[in-house]
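According to TrEMBL:
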DOMAIN    35-194  domain 'RecA family profile 1'
BINDING   GLY65, PRO66, GLU67, SER68, SER69, GLY70, LYS71, THR72  ATP binding site
DOMAIN    199-272  domain 'RecA family profile 2'
REGION    329-362  region 'Disordered'
COMPBIAS  340-354  compositional bias 'Basic and acidic residues'
Amino acid sequence: MADDRKTALDAALKKIEKNFGKGSIMKLGEKADQQVATVPSGSLALDVALGVGGYPRGRIVEIYGPESSGKTTVSLNAIAEIQKQGGTAAFIDAEHALDPQYAQKLGVNIDELLLSQPDTGEQGLEIADALVSSGAIDIVVVDSVAALVPRAEIDGEMGASHVGLQARLMSQALRKLSGSISKTKTIAIFINQIREKVGVMFGNPETTPGGRALKFYATVRLEVRRAEQLKQGTDIVGNRTKIKVVKNKVAPPFKVAEVDIMYGQGISQEGELLDMAVEQDIIDKSGAWYSYNEERIGQGRENVKNYMIEHPEMVEEISKKVRKAFGIETDADTDASTKTNKEETGNITDKTDAQEALPLDE
């Protein structure tokens, strides 16, 4: 009887593979790549908080928070990291608010960045679907979900009620996108705003627009909030920002990364490296003084950050020690693993030849 069941199962598996292609069903232990492939976020502190050293490939990430908290900055840092590795990035600018000069300062190659400013939510998601399904994109950022206005709302009168329209649009789009995102190993980042629910007496009244679908489909959800202002004398030069991992399917959630987002410069690599080095006792802090290898490098955090900017060799040395302490691969290791992963998986486009960018309203 056991042999008959095994024969029947083998026949069923062969039929499934014949109809749907090789690899459409397999035993979990036979899966070629069980380790989550990642791309650095552009922030060492965030890489540690994510638990796997960066954003997981083939997954959906939601970044939300109040206005001017640093959501787009965090996303542009991810694009810059992808481009450094030779990848291709796309930015769906539904808010029509991307600043190319600021993006360039963050390390984004704007000459190679694919940019779309869609007229409607359907158009924006259609473009995202077509790019992901092509298998030629490494990361696509949608800024933002709240700005993906359904066509019916744009064509309708101002003030007309369109209950649940955007939520249905997002739910339908994510059902289509999730499969192709996984198969093509694309990182999809959805930036979202926050709203407040009316009449909430207890608990957090904040919610995100676009319905609940994105909360379910997202592997990682990041909450970005300003903690305090950074000053030089009386001038405000940036914000101390907390990035909380509120959902994580690939590592333990609820970890918090604290970074300095400086006006016109983005995330301060030296600031987060300094904090992490102090945490691991690589740099000694006594009162306001900081010391490295028993040599004083400055008094006050901002002065030490400036000292680190002027001494890149020391920063590189500290960075290696911090990465080792937190168990994060160096850039060289990441490049090597990325190359190996590409050799194992072959050309992504070959896997997606059978896929077509279907219309969203089908």
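Just so you know, glycine gets a Cβ as well, placed from its N, Cα and C.
TrEMBL annotations: computationally assigned, not manually curated.
Across the residues of the domain 'RecA family profile 2' (199-272), the predicted structure has a mean pLDDT of 94. For THR72 (ATP binding site), the count of additional Cβ atoms within 10 Å of its Cβ stands at 24 [all protein chains shown]. Taking the mean position of the Cβ atoms of GLY65, PRO66, GLU67, SER68, SER69, GLY70, LYS71, THR72 as the ATP site, the remaining same-chain residues with a Cβ inside 8 Å of that point are VAL224, ARG225, ARG226.
With helix defined as DSSP H, G or I and strand as E or B, the domain 'RecA family profile 2' (199-272) counts 9 helix, 38 strand, 27 coil. The least crowded of the binding-site residues SER68, SER69, judged by other CB atoms within 10 A of its own CB, is SER68.
LYS71 (ATP binding site) is surrounded by 24 other CB atoms, counting those within 10 A of its CB over all protein chains shown. The DSSP secondary structure for LYS71 (ATP binding site) is helix.
Taking the binding-site residues GLY65, PRO66, GLY70 in turn, the residue surrounded by the fewest other Cβ atoms inside 10 Å of its Cβ turns out to be PRO66. Counting only residues at least six positions away in the same chain, the Cβ atoms of GLN193 sit under 8 Å from the Cβ of GLU67 (ATP binding site).
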